[in-house]
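Q: I'd like to ask some things about the structure below.
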Amino acid sequence: MKVGERHYHTIWLNEDGRSVDIIDQRWLPHEFRVVTLKTVADVADAIRDMWVRGAPLIGVTAAYGVAIAMAKDPSDAHLDAVWEELNETRPTAINLRWALNAMREYLRPLPEAERADAAYKRAAEIAEEDVELNRAIGANGLDVIREIASKKKPGEPVRILTHCNAGWLATVDYGTATAPIYMAVEEGIPVHVYVDETRPRNQGAYLTAWEMNGHGVPHTLIVDNAGGHLMQHGDIDMVIVGTDRTTANGDVCNKIGTYLKALAARDNDVPFYVALPSPTIDWTVQDGVKEIPIEERTADEVSFVQGRAADGSIASVRISPEGSPAANPAFDVTPARLITGLITERGIATPSPEGLKALFPERS
C-alpha cells in the first residue's frame, strides 16, 4: 500500500541480501519509522514486542528470522533452536508455527552449505504468497460488499464495522479484512467503515484508522462498546474481522472483544464475516474455546496508554490507579455458530467442518 508517494510492503529484504526492514508499528499513527532486523534476537523482539503484529505478518517475519539464522549457522541444531525460540514469541497466532514448520521442512533435507540462500528464497516466497492470498481474499469478500451495495440507494454507502487491525499492516500487503474494502473503494462502491479503537493496544485507532486515512476510505473511529449500539439502530450493514487462528470446525480466535461483536451482530441480524488465508486454519484443533492457548500480555498495556502530548512528543501515561491489578487476555474465541461466513482465498466457507473441507478437500 502507499504511504505518501511510495508503495510499501510491511517487510522487505535489504540490498545486502541478509537483513530485513520492517515498518515499526509501535509508533504509528504519530511517526512512520522503518527499522532493520539483523539477528534472530531482533526478529524475536519484533514479534514479541509487537513491532510487527497480525498473524500473517508474524509468520513472514519468523520465516525471515530462520533465514537470518541459517546465514549465521546452518546446522540442524541451530535450525531447531531457532524454531523453538521464535515459536515461543506469540503462542496464539497459528501462522507463526505454520511458517516455522514450512521453513524447517524445506531446509532440513538440504546440505548445510545450501541452506542460507535457500532459506531467503523460501522466506521471500512465503511473503509473496501472502500478498496473493490476500488479493484473492479481497476479491471474494468484494462479492459480499457488491451484494449489499446492490440493495442500497445510489450513493448510499455500505456500512462496515471492523475490529482491531486486519489491514495491510497485519500482512505483507492488502490485509485480510480490509482487502475487500480497498477493492470496493477502487471499484467505486461507496463504503463507510466504523473502526473499533480496540483496547488495550488500540490497533484500530492507531493502525486501521491510519490505513483508512492513507487510502482515502471514509471512516469513523468508535469506542469498543459502541458497536452493539450502532447495530441496534440499523447503522451497520456487515461486520468483517480477521483471525489469528481458526479451528477445523470454524471457531475463530481473534483480538479480544471480537466475541462480543459477534454476539451483538447475531442479536441484530447483522452478517458477521471473518477473512483469513488458509495458513491461519489449525486443522488439528476442533474446539477453539477449550484448545487454543490465549496469550496473556502485560498489565501495563491496560494501565497505560500511548499518545502524542501537547508538545509533540510521544508519551505513555497511566490511566488507572497505582496498585490496581489488570488482566490482559489478548484474544477471545468466537464460536462458529455466530459466524456468517469465512472468507478465504478459495471462496467463502460456511463455518463448519464440512464447509471448510468443501473448499479444502485435501484436508478431508
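Note that Cβ sites are derived from N, Cα and C of the backbone, with glycine treated the same way.
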Q: Of Arg18, Arg33, Arg90, which does Swiss-Prot put in the substrate site with Arg53, Gly54, Ala55, Gln203, Asn254, Lys255?
A: Arg90
Q: Starting from each candidate's C-beta and looking 10 angstroms out, tell me which of the binding-site residues Arg53, Arg90 has the most other C-beta atoms.
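A: Answer by Cβ density within 10 Å: Arg53.
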Q: Could you tell me the C-alpha distance between Arg90 (substrate binding site) and Cys164 (site 'Transition state stabilizer') in angstrom, no decimals?
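A: Between the Cα atoms of Arg90 (substrate binding site) and Cys164 (site 'Transition state stabilizer'), the distance comes to 17 Å.
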Q: If you measure from the C-alpha of Cys164 (site 'Transition state stabilizer'), which of the recorded positions Arg53, Ala55, Asp244 fall inside 10 Å?
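A: Of Arg53, Ala55, Asp244, within range: none.
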Q: Could you give the Cα-Cα distance between Lys255 (substrate binding site) and Asp244 (active site, proton donor), in whole Å?
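A: About 8 Å separates the two Cα atoms.
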Q: Cα of Arg53 (substrate binding site) to Cα of Asp244 (active site, proton donor): how many Å, rounded?
A: 10
Q: Residues with Cβ closer than 8 Å to the Cβ of Ala55 (substrate binding site), same chain and 6+ apart in sequence?
A: Ala93, Ile94, Asn95, Leu96, Ala170, Gly242, Thr243, Asp244, Arg245, Thr280
Q: Determine the C-alpha span of the substrate site listed in the record, that is the greatest distance between any two of Arg53, Gly54, Ala55, Arg90, Gln203, Asn254, Lys255, in Å to the nearest whole number.
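A: Result: 17 Å between the two most distant Cα atoms.
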